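Colleague: This is the structure I want to talk about, given as C-alpha cells.
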Amino acid sequence: MRKIQMVDLQSQYRKIKSEVDKEVVEVMDSATFVNGPAVKAFTTELQDYLNVKHVIPCANGTDALQIALMALDLKEGDEVITADFTFAATVEVIHLLKLKSVLVDVDYNNFTINTEKLKSAITPNTKAIIPVHLFGQCANMEEILKIAKEHHLYVIEDNAQAIGANYTFSDGTQQKSGTMGTIGTTSFFPSKNLGCYGDGGAIFTNDETLAHKMRGIVNHGMYRRYYHDEVGVNSRLDSIQAVVLRIKLKLLDAYTKARNEAADYYDKAFANHDQILIPSRSPYSTHVFHQYTLRILNGKRNGLQEFLASRDIPAMIYYPVALRKQKAYFQESKAADFENTDRLLEQVISLPMHTELDEEQLNYITQSVLEFMNTTP
Ligand SMILES: *Cc1c(COP(=O)(O)O)cnc(C)c1O
C-alpha cells in the first residue's frame with residue numbers, strides 16, 4: 001500500500017509531470033517570470049471558469065483578504081464580522097489593518113458562520129462580513145447577502161477552501177463560490193483544492209471600480225508607472241505558478257470528483273455509527289471536500305488521532321483553538337454565545353483527503369477508525 005498522507009501532492013504531480021515540466025522550462029527559457037503571458041492567460045481562464053468579470057492574481061490567500069479589505073475604504077476601528085472557527089489568516093488581516101474583528105459562532109452542521117448570531121453581532125460600526133466557506137462548502141450566502149443588503153455591509157467571501165463549489169439560490173440560479181459577495185478571495189497554497197507549487201492567491205469581483213482599485217493596490221498603488229496614487233502592497237503571482245495553475249484548473253472538476261468519491265466512501269463506512277457524525281451536505285451548496293471532517297461524539301477524539309497515528313494514518317484537528325481565545329486575537333466572550341464552535345473544537349477530526357486516495361487506502365483508514373471506535377467504550 002502507498003504511504004497514506006493528508007495530502008498526496010507527489011502522486012498527483014507524477015500524473016501531470018511531463019506537461020508541467022515542459023511548461024515550467026518554457027517560462028525559464030522565455031524569462032517572463034512575473035506578470036508574463038502565462039499569468040494573463042490563467043487570469044482569463046479562471047474568470048471564465050468562475051463566470052466572474054475580474055480576477056486579480058496576487059501572492060497568497062492572506063494577501064488577497066488584506067487587499068480586499070484595503071479596497072473598501074474602511075477606517076480604523078470599523079467592525080468586520082467573521083467566524084470564530086476558521087484559519088487565523090481571516091482574522092489576522094482585519095487586525096493588521098487596525099479594524100476591529102467581531103467573531104461569531106458557526107453552525108454545528110455546516111461549520112460556517114451562524115446567520116442568526118451574525119445578525120445580533122451587527123452594530124452601527126459594522127462595515128463588512130467575511131463568511132468563510134470552510135472545508136469546501138459554502139456558507140449560507142443567500143441569507144448573508146440579504147442581511148448585508150439590509151444593513152449596507154460589504155461581503156468578502158474567504159473562498160480559500162471551496163474553489164469550484166456551486167451555490168444554488170432559492171430561485172434556482174447558480175453561482176460559483178467566491179463570486180457572490182462584493183469581493184471573493186482564494187489561495188493557491190499547494191495543499192488547497194487548486195494548488196500551485198509555491199504560494200499564490202487571487203481576488204474576484206464583478207465590480208469594475210473595485211477591480212481597478214485592487215489592480216493598483218497589488219502593485220504599490222501604481223496606476224501609471226511610478227505614479228503612486230495610494231498606499232499599496234507588492235503582491236504578485238509568478239509565471240511558474242501560473243503555468244502549474246493553468247494545467248490544474250483544467251483538471252479541477254475531475255479533482256473535485258475524486259475528492260467526492262473518497263468522501264462518499266468515508267460516508268458509507270461511518271454513516272450508521274452512533275458515535276460518529278459524517279460531514280453534512282448543505283441543500284444549497286455542492287461540496288468540494290477541501291477537508292473531510294468527522295465529529296466524534298464519545299469524547300475520544302484525541303485517542304482516535306493517536307490510534308490512527310500508530311497505524312501510520314495521519315489525521316488533523318482543524319482547528320484546535322477558537323480564534324477568540326488565541327493570544328493575538330483574544331476577546332472576552334460568553335461561552336453560551338459560542339456553543340457550536342466550542343463543541344466542534346472537542347469533536348472534529350479531519351481524515352486524509354486528496355485526489356489520489358485509492359480503495360486499498362480508504363479501506364485501511366475506515367477499518368482502522370471503526371476498530372478504534374468499536375473497541376473504545
Ligand atoms: C489557506 C487559507 C487562507 C490563507 O491562504 P494563504 O495562501 O496560505 O495565505 C485564508 N483563509 C483560509 C480559510 C484558508 O484556508
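Keep in mind that glycine also has a Cβ here, set from the backbone N, Cα and C atoms.
TrEMBL feature annotations, pasted as is:
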ACT_SITE  K192  active site, proton acceptor
MOD_RES   K192  N6-(pyridoxal phosphate)lysine
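Quick one: where do these features end up spatially?
Modeller: If you draw a 10 Å sphere around the CB of K192 (active site, proton acceptor), it holds 20 other CB atoms from the protein chains shown.
DSSP assigns K192 (active site, proton acceptor) to coil in the three-state reduction, outside any helix or strand.
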